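**Student:** Pasting the relevant annotations from TrEMBL:
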- 7-213: domain 'Aspartate/glutamate/uridylate kinase' (DOMAIN)
- 12, 13, 14, 15, 55, 59, 166, 169: ATP binding site (BINDING)
- 20-25: region 'Involved in allosteric activation by GTP' (REGION)
- 54, 72, 133, 134, 135, 136, 137, 138, 139, 140: UMP binding site (BINDING)
Ligand code: UDP
């Protein structure tokens, strides 16, 4: 059997990753394809924590005329919808999962309790962390960094629409150059769009490497845990 480079990972999926071509809402075929890849790494013995964004449904900044905190709470609720969709897709494949939310909704999911999350991971259940950090003015990238530190994940697998980190937007510029490796300070200094700066700083302070790769090919999740050279690795260098 293929051997994973990591024992425990934090997988961050943007909300858009679940939207597929539509760019909005949830495409269940796409969710199923992602779930199949997650199942492969679970079957390899990798313990998986996952954070899903909410951008396919709502982002705080969409509510320009709204009270910011209200708009952000709406975004956090959107992540719960996505987490439940991912949970359903995984359970359809026979993968054991738990959703833990940072805002209590006990009828729907468990509240986030770190020790309980650790126990689930040890039992090879995929733990999906929903409702962000539970605080407005944060992002799900910061949630992934925070929960990764809390569960002692060895790496954040940051699955994006773009297949790595570029010096400029590869959709706009043909000569955009992809980085293979970067350190945190370079990301912050160059203002590279990897994660928001709060999330990057949290990873830097806790020495958590971030592997940024494209989800255009869902098999990249398996390649990432096998340590194949894909995407861009952000670390202390
Ligand atoms: N959000 C928040 N606090 C958090 C995490 C998320 O307020 O700890 C809100 C914020 O409004 C954000 C939205 O939830 O825009 C959805 O998350 P995000 O934009 O990170 O999703 P993604 O871009 O990964 O799909």
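Placed from the backbone N, Cα and C atoms, the Cβ positions cover glycine too.
Remember, TrEMBL labels are computer predictions, not curated facts.
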**Student:** I want to check the contact list for residue 12 (ATP binding site): same chain, sequence separation of six or more, C-beta distance under 8 angstroms. What comes out?
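**Tutor:** The answer is 50, 51, 52, 53, 140, 141, 144, 156, 157, 158, 159.
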**Student:** Looking at the binding-site residues 13, 15, 169, which ones sit with their CA no more than 10 Å from the CA of residue 139 (UMP binding site)?
**Tutor:** none
**Student:** Within 8 Å of the Cβ centroid of the UMP site residues 54, 72, 133, 134, 135, 136, 137, 138, 139, 140, which other residues of the same chain have their Cβ?
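**Tutor:** So the extra residues in range turn out to be 60, 75, 76, 132, 142, 143.
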**Student:** If you count Cβ atoms within 10 Å of the Cβ of residue 169 (ATP binding site), leaving out that atom itself, what do you get?
**Tutor:** 10
**Student:** Using C-alpha atoms, which one of the binding-site residues 54, 133, 135, 137 comes nearest to residue 14 (ATP binding site)?
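**Tutor:** That would be 54, nearest by Cα distance.
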**Student:** Have a look around residue 166 (ATP binding site) and count the other CB atoms within 10 A of its CB, chains all included.
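**Tutor:** Residue 166 (ATP binding site): 17 neighbouring Cβ atoms within 10 Å.
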**Student:** So if I take the binding-site residues (12, 13, 54, 55, 59) and measure from each Cβ to the nearest atom of ligand 1, which come out below 6 Å?
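**Tutor:** Cβ under 6 Å from ligand 1: 54, 55, 59.
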**Student:** Going by DSSP, how much of the region 'Involved in allosteric activation by GTP' (20-25) is helix, how much is strand and how much is coil, in residues?
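**Tutor:** Output for the region 'Involved in allosteric activation by GTP' (20-25) reads 3 helix, 0 strand, 3 coil.
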**Student:** Measuring Cα to Cα, how far is residue 133 (UMP binding site) from residue 59 (ATP binding site) in Å?
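**Tutor:** With the alpha carbons as reference points, the distance is 14 Å.
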